[in-house]
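As recorded in TrEMBL, the features of this protein are as follows:
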TRANSMEM  95-113  transmembrane segment
TRANSMEM  119-142  transmembrane segment
TRANSMEM  154-179  transmembrane segment
DOMAIN    186-257  domain 'DUF1736'
TRANSMEM  274-298  transmembrane segment
REPEAT    373-406  repeat 'TPR'
REPEAT    490-523  repeat 'TPR'
REPEAT    524-557  repeat 'TPR'
REGION    772-796  region 'Disordered'
COMPBIAS  783-796  compositional bias 'Basic and acidic residues'
């Protein structure tokens, strides 16, 4: 092994940092979204064992998974570590050192867990052992074998040592292969022809195309000028004829490879050993992705060249060393090396910007290749993510033109039309995609013939047409068709459950979710949906259990936190309130800008008579959502209940500014104006406004009657209460108040008092007027017709009757005032007491 100086390390580090520092500002794109952002395996709540059961994407390895597997970089690190460990397995006296071999086995396993190609390091170790450590050449190895077969000798001790070490590595490799096969349940991954068109092509097209891909990959190593993030579908046209000139490229590649192999395997000098190790690093890790032994899910993938590029760099460095040692070429070779380093560094730096976002990545790929429908689709997806549906539609339509039989492209067109509210065109696009699905073949499993994501055409089409109430059964039929094609299609059960819930088929909806849970009991969303069904089935205890299941799987499940807390709050049981409060607090941590979370915290505080906290939470909700009607009303109600009526009025004004037809707000404002501000005109306007909005509103009508009474307009108050009683004949308090008003009218009639007053004249003014009339009647004025000609005894009798009538009037007025105003709060706001549920208040 070469010794690397600190200067060289510093130089390499600086070069790498200089090339890649700008990539730190780039976002997660392409496979990063599925592999990192949406990968449930990376969440803290996911059990560690899932890392060994699921693939790189977080999908169970027993399902239709890609060969992409684990990260190339991590696999390469373990691969190199395993190889370096193996190089220490030969002692100074050429004996076997077992500790490095054991370490090699562990590192091989780690490399394989990261990416399947990691297992090829065993082959690299074998080549190193035979051709480097033991110094064999292919001719000498064949000669030794021939002598043994002729019985003229036996394997040298060095050969036996090599065989022993290789047997240990081989057994370990076989065990890893067996474990891997068991994990995928003895099934190779299944890919569609869109992933790898050559894989489903007939002979000899398949063989010629796969062999042509080898020089394509070699050219990417030699001249990485045109890089593309996706080489699937129609990126590389099939080689369908023996006369295709690309076959000459394949022949040239195999010729160069044969020459290098002959040089490395037939000679013992140091150059041959370097070349053989370079070739092993190039060829062996690439074999699993070569399509030569089994098909993979791509045509070309630059990522699988990561380890082979190491061998290529070794080969290039070795060639440069040879050339640079020749006098006349030394300066030229260093000049060429400088140019290569500069151009490749600049290329790398600029390429990093292509990975800034999905849009920049896929548009850069379209510059390299315009025949890949997947790239057009991905640019469309990037624009769709920016809500730029119009431009996204053009890219999706172009994808259908490039690849007319691409089901996914037509699905994208349909989805975009839906987002543009063009339902008719969306349905047409989905129907085209549906028509491209494979037809029924008796006895044939759909799972092996249909890409799972293509089955979403049934889901998308059903989701579209179920917006029409008359087509719900048709939508259900589509869900059932998807389930029949793939019985483990979890999303179909989920979507069907939602539809059945909409159709009020609660038992069937519950069964659909239970079936989905049989497929995936670790899905928190499924438990949440089942809880919603339980709520609709009036089973809150079961709903709470299922909400809790969801939270056990994902303690930060926002909807489960919110709705379970709401369920606890509405139960009316104080024992649930602390936990409900904790869950609402957890919810607002996840959704700090959602006013509903703070509002419900405020409602809980009101229920617990914690008024300062309730006020704080309500204020927070209002600050986040201007005009939040429920928060504004309940804050005003809180102030009113706390004897802070003057603070309630501006809150009510704000409520009525945003919601001028809020009846309960008008009732509360009218009550405060009449009872506490003594502004009967303002209260009257509030109650009249209620009747303008809803002429049948009993509360508003009755309260208007109370205003008439306050204004001493008894006849109008009587008529008003009669009308109210006709509207609500069973309301006893209306009947009682009508009786009281009629009693006062009778008393005032008996006393000769006026029953109405102009513009709300007070009772004192009316009494003063009556007193003056009495004084005039008792005088000797000849104009007083009522006393003229009466004797003193008659006048005395009249005065006594009037005094008795006035006394009775005062008594009736006292009783009336005590009975009406004592119960005024209950009568005015019978529906706004603190006993209201938070759910009712929420929608006020």
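Numbers run from 1 along the shown chain.
The backbone N, Cα and C atoms fix where each Cβ goes, glycine too.
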What mean pLDDT score does the repeat 'TPR' (373-406) have in the model?
-> 93
Cβ contacts under 8 Å made by the repeat 'TPR' (490-523) with residues that lie 6+ beyond its boundaries = 455-456, 458-459, 462-463, 466, 472, 475-476, 479-480, 482-483, 529-530, 532-534, 536-537, 553
What is the three-state DSSP composition of the repeat 'TPR' (373-406), stated as helix, strand and coil residue counts?
-> 27 helix, 0 strand, 7 coil
Please work out the helix, strand and coil residue numbers for the repeat 'TPR' (524-557) from the DSSP assignment.
-> 27 helix, 0 strand, 7 coil
